[in-house]
Amino acid sequence: MPSQRSSLMQPIPEETRKTPSAAAEDTRWSRPECQAWTGILLLGTCLLYCARVTMPVCTVAMSQDFGWNKKEAGIVLSSFFWGYCLTQVVGGHLGDRIGGEKVILLSASAWGFITVTTPLLAHLGSGHLAFLTFSRILTGLLQGVYFPALTSLLSQKVQESERAFTYSTVGAGSQVGTLVTGGVGSVLLDQCGWQSVFYFSGGLTLLWAYYVYRYLLNEKDLVLALGFLAQGLPVTKPSKVPWRQLFRKASVWAAICSQLCSACSFFILLSWLPTFFKETFPNSKGWVFNVVPWMLAIPASLFSGFISDRLISQGYRVITVRKFMQVMGLGLSSIFALCLGHTTSFLKAMIFASASIGFQTFNHSGISVNIQDLAPSCAGFLFGVANTAGALAGVVGVCLSGYLIETTGSWTCVFHLVAIISNLGLGTFLVFGKAQRVDLVPTHEDL
């Protein structure tokens with residue numbers, strides 16, 4: 001691996017022109033910079049999920065206000081993924097070209113504004129279902145670029161030996177955001193109505209975006225990137241990434257399949273768990289089931305990153321560690337999801353839900369980092385392809401779950417669906433997954 005990296009970092013001929021932002025992308029963060037950006041991106045991921053989870057948390061109250069049935073609620077919940085799946089590849093490509101941090105800032109500013117204005121859209125007229133579906137599609141479009149841009153950013157700025165912990169730390173923001181919206185959002189929901197939850201999550205996102213713009217990004221680089229986007233010009237010289245070679249590799253398709261399955265199973269649980277607890281245990285407190293599983297998932301995510309990097313530093317093969325993380329993230333989590341569908345005890349349901357969500361965070365140190373192992377020069381683009389597949393599966397999975405609940409009246413089939421999807425992804429990755437780079441060509445240039 002060191003020899004491969006050194007061959008990639010040979011001086012580029014002077015005739016190859018690069019913009020200042022592209023030149024900056026060729027350098028790694030120093031340790032203080034890495035720590036600062038890790039904290040900022042952790043908060044950014046937290047706010048991403050605050051906005052994303054707002055609708056699932058408010059679905060029951062909004063269904064009562066607007067008279068939705070399960071199928072209509074499923075349409076609104078799944079519409080997020082209709083937009084989410086369309087911008088994954090674009091987000092990864094833009095991250096590789098203009099810098100992931102700039103893509104993240106621009107998208108956060110936009111989705112924060114949409115989230116704040118969602119309650120206004122709901123009361124524009126009698127077509128509330130159409131307006132809210134439209135706002136969720138827009139939110140999905142804007143959030144779809146986040147993780148591919150993040151993957152591109154970390155693959156360029158973070159040392160390989162530190163990627164798992166950095167990514168799992170930033171990824172823990174998904175649990176923190178769900179926790180914040182589940183806890184604070186539940187209180188706001190009870191005290192101030194569902195509209196206040198949207199104002200809360202959207203407002204915090206706009207404050208975060210202002211801070212990043214004001215204190216962390218170079219204004220000239222941001223203006224330059226916007227100019228390139230407006231003119232449709234490439235920020236860097238086109239690279240010779242062997243796309244045909246890339247997509248002929250079984251390891252690439254194994255990574256895509258595993259990411260698809262992990263994303264789909266996670267999206268189903270994320271969208272329907274609040275409704276499951278509300279209907280199955282109507283006397284339980286909303287803040288309990290909206291908080292506890294995600295609270296326990298935070299240390300689980302951090303632990304997975306720590307143990308992953310530790311095992312690699314002790315000499316274990318990279319692919320062995322990645323597959324072990326997927327056994328935990330897809331295999332073990334699916335067992336607890338199955339148990340969740342066969343209990344009538346609130347306490348046991350909380351334990352099973354917490355375990356299932358907690359073990360799913362091990363995917364951050366498994367398949368999410370494996371994509372960076374395979375193709376660090378175009379990790380954003382490749383992750384975008386994989387996450388597009390996951391988002392498309394999420395649309396089908398969330399809609400299908402709503403249909404199954406409505407027609408069968410049972411939640412058991414939903415958790416069986418989660419287990420089937422998870423184990424399909426696990427089996428594919430165990431058989432075909434690898435960690436060797438597949439993006440190398442004789443004259444390779446970083447994107």
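Backbone N, Cα and C define each Cβ position, glycine as well.
What Swiss-Prot says about this protein:
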- 1-26: region 'Disordered' (REGION)
- 40-60: transmembrane segment (TRANSMEM)
- 74-94: transmembrane segment (TRANSMEM)
- 103-123: transmembrane segment (TRANSMEM)
- 129-149: transmembrane segment (TRANSMEM)
- 169-189: transmembrane segment (TRANSMEM)
- 192-212: transmembrane segment (TRANSMEM)
- 252-272: transmembrane segment (TRANSMEM)
- 287-307: transmembrane segment (TRANSMEM)
- 327-347: transmembrane segment (TRANSMEM)
- 380-400: transmembrane segment (TRANSMEM)
- 413-433: transmembrane segment (TRANSMEM)
Could you tell me whether the transmembrane segment (413-433) and the transmembrane segment (192-212) are in contact, taking contact to mean 3+ Cβ pairs under 8 Å with a sequence separation of 6 or more?
no
Contact call for the transmembrane segment (103-123) against the transmembrane segment (40-60), three or more Cβ pairs under 8 Å:
yes
Tell me whether the transmembrane segment (413-433) sits in contact with the transmembrane segment (252-272), defined here as at least 3 Cβ pairs under 8 Å among residues 6 or more apart in sequence.
yes
Going along the chain, which residues at least six beyond the ends of the transmembrane segment (287-307) come within the CB cut-off of under 8 Å?
57, 164-169, 171-172, 175-176, 178-179, 181-183, 185-187, 273-274, 277-278, 281, 325, 328-329, 349-350, 353-354, 356-362, 364-365
Using Cβ atoms and a strict cutoff of less than 8 Å, what residues sit near the transmembrane segment (252-272) while being 6 or more residues removed from its termini?
52-53, 56, 77-78, 81, 178, 246, 326, 329-330, 333-334, 337, 353, 356-357, 360, 363, 366-368, 370-371, 374-375, 382-383, 385-387, 389-391, 393-394, 396-398, 401-402, 405, 414, 417-418, 421-422, 424-426, 428-429, 431-434, 438
Let me spell it out: take the transmembrane segment (169-189), skip the flanking residues so only those 6+ beyond its ends count, and list any with a Cβ under 8 Å from a Cβ in it.
38, 41-50, 52-54, 57-58, 61, 150, 154, 196-197, 200-201, 270, 274, 285-287, 289-291, 294-295, 297-298, 301-302, 305, 357, 361, 364, 368
